[in-house]
Amino acid sequence: MDFLTYSLHHAWLIPLLPACSFLLIVFAFYSLPRLAAATAITALGSAFTLAAGVAAAVVSGGISVEKPFISKVNWFAITGLSVDWGVLVDPISAMMLIVVSLVAFLVAIYSVGYMHGDPGFSRFFAYISLFAASMLGMVLAVNLLQLFVLWELVGLCSYLLIGYYFYKVSAREAAKKAFMTTRIGDFGLLLGILLMQVMFGTLDFQELTAKLPGFIASSGSGLLTVAALLIFCGPVAKSGQFPLHVWLPDAMEGPTPVSALIHAATMVVAGVYLIARSYMLFADLPSALTVVAWFGGITALFAAVIALTQREIKRILAYSTVSQLGYMMLALGVGSLTASMFHLMTHAFFKALLFLGAGSVMHALHDTADIFKMGGLKYSMKVTHATMGIAVLAIAGIPPFAGFFSKDEILLAVSEVSMPLYFIAALTVVLTAFYMGRMFFNVFYGEPDPHQHPHESGGWMLFPLVVLAVLSVVGGIVPFALGFGDWVRFGPTHHAGINWAIAGSSTLFSIAALALAWRMYGSKQLSADAVAAKLPWLYTLSYNKFFVDQFYTLIRSIFVDGLGAVLYWIDVNIVDGLVNNLSRSYATAAGLVRKLQSGKIQQYALVYFAAAIVLVVWLGGVR
């Protein structure tokens, strides 16, 4: 058995290796931080090696979306329901295995340097291992129930990692916010899964694919659309789509390597992957796809506008992630699974690089996050400067960097379906280039802070930056040239091509946006304050994130706090009041009766005499 065949038939080892790493660290190596880190890195590196073998086997072995490799065992069976647990390998899952395992592996290496000296060092690597295992297992799921279980485990890991610094109030609140916000979407997802089980009697992806055409022909698409939109609720929350995006920027409270992992390759792309994996459900439901497309388009533009005015480097990148996830959803909504998955892959490379580069900068500046308190770092952090520059050009969509090819695919797909959505997507491209230039020029150019004495990061942190920089260069052109759309697709083979009118115009606008950012924040030839003063309403909305968080706080105060006040009044005045008043009435009655039992014969005689008079009067009245 050669390595490719071995990898394919042992794909179940890919999530199992980091899961074993988690158990080993927790139960054996917790007090041995170096061994804990080595265990996690070895497990993730081995998982990546197997994932590469699986991907090679898929490309060379004739495995396709229509004919996947499946290996499964029965998980449980009850009356009318039998559920399997296993692995489903096709081009979509193979690509995701490569992305998740590679980014997790590089983040683990980076974390050795970044987390050095942290008292929770071993705990961090245990969490990272479990996080990667959960996501890799979810990618390989053969049915919706298996996917949902691992989906929830991904959410649990994000809660643990966002709240890693649990002694900080802000970290605890951010972790709870992420957990509770995503629960809203997960409730809808669970309802959608239950509805699918009721309609089809199965949750297996292959069986659903076979049964869907007949169901639509016999029963129509109404109930199916409801199920699809309920399932979409999960990705809206997990992938930070408006209006459930609010948890994702606050997730910056976790360590920076966690931010890179969450934003590039695990939790937030889980929602995009769920739609892609369930695309056989959405593909024949135009109304559901329209909803997905508009959610994605609105989110992409909305988050890009917010990113224009943020000051913290990680917060800028967080809103950038929200915007790029909107781009992926938009591509799925207009029917281009290929473009969405292509952008998911390229985005994983340059967004991981941006976050790890931001971590390198903050590490050198003693956790300073405000980009306006940075400057001139190109002289003291040359490798970080060069690698982040590549990432900025990639996300801005400048050729030949990775983002150019995936961005062009999305713009082309959207232009063929909806011009309003195309305008939104094109405007988002321009805004993305501007705010990324604003961040980059503020950090690395301008006047350095004389109170700061930055230095370049060590080898543990620089190695992943260099690898990701290379991928941010070749990660678009190489898959494009090799025919990415021929195997990562849904339906007929997608023959990739460049629409030079769309690609050329978007590139020119991106270059113009970068040039404007340079004039405002690099050379300072234009005053950013003067521009903001001309559009005060837009600046206020953007800087305050369109007051969405304040709106939710108001809603909570009205409905949650208000309802709490009403229930408190009912509890005190009605429930407790009834009990307390009843006891007081018994006490009063007992006091009256006690007075009658005084033991004085004169009082008893008086009572008898009065009762006799009343009785005589009453009898006389009756006659």
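Including glycine, each Cβ sits where the backbone N, Cα and C put it.
Per TrEMBL, the features are as follows:
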{"type": "TRANSMEM", "residues": "12-32", "note": "transmembrane segment"}
{"type": "TRANSMEM", "residues": "44-65", "note": "transmembrane segment"}
{"type": "DOMAIN", "residues": "75-125", "note": "domain 'NADH-Ubiquinone oxidoreductase (complex I) chain 5 N-terminal'"}
{"type": "TRANSMEM", "residues": "92-112", "note": "transmembrane segment"}
{"type": "TRANSMEM", "residues": "124-142", "note": "transmembrane segment"}
{"type": "DOMAIN", "residues": "141-432", "note": "domain 'NADH:quinone oxidoreductase/Mrp antiporter transmembrane'"}
{"type": "TRANSMEM", "residues": "148-167", "note": "transmembrane segment"}
{"type": "TRANSMEM", "residues": "187-203", "note": "transmembrane segment"}
{"type": "TRANSMEM", "residues": "258-276", "note": "transmembrane segment"}
{"type": "TRANSMEM", "residues": "288-309", "note": "transmembrane segment"}
{"type": "TRANSMEM", "residues": "348-365", "note": "transmembrane segment"}
{"type": "TRANSMEM", "residues": "386-406", "note": "transmembrane segment"}
{"type": "TRANSMEM", "residues": "421-441", "note": "transmembrane segment"}
{"type": "TRANSMEM", "residues": "462-485", "note": "transmembrane segment"}
Query: If you run through the domain 'NADH-Ubiquinone oxidoreductase (complex I) chain 5 N-terminal' (75-125) with DSSP, how many residues end up as helix, strand and coil?
result: 29 helix, 13 strand, 9 coil
Query: What residues in the same chain, six or more past the boundaries of the transmembrane segment (148-167), come closer than 8 Å to it by Cβ-Cβ distance?
result: 120, 123-124, 127-128, 130-131, 134-135, 137-138, 141, 174-176, 178-179, 182, 186, 189-190, 193, 234, 238, 250-251, 253-255, 258, 261-262, 266-267, 270, 274
Field: Sequence-remote partners of the transmembrane segment (421-441) [C-beta within less than 8 Å, at least six residues beyond its ends]
entry: 293-294, 297-298, 300-301, 304-305, 307-308, 313, 316-317, 320, 323-324, 326-327, 330, 334, 371, 388-389, 392, 395-397, 407, 410-411, 414-415, 505-506, 509-514, 516-518, 520-522
- request: Using a Cβ-Cβ cut-off of under 8 Å, list the residues of the same chain that are 6+ residues beyond the ends of the transmembrane segment (12-32) and lie near it.
  value: 39-40, 42-44, 46-47, 50-51, 54, 71, 86-87, 97, 101, 104, 122-123, 125-127, 129-130, 132-134, 136-137, 140
Field: pLDDT averaged over the residues of the domain 'NADH-Ubiquinone oxidoreductase (complex I) chain 5 N-terminal' (75-125)
entry: 91
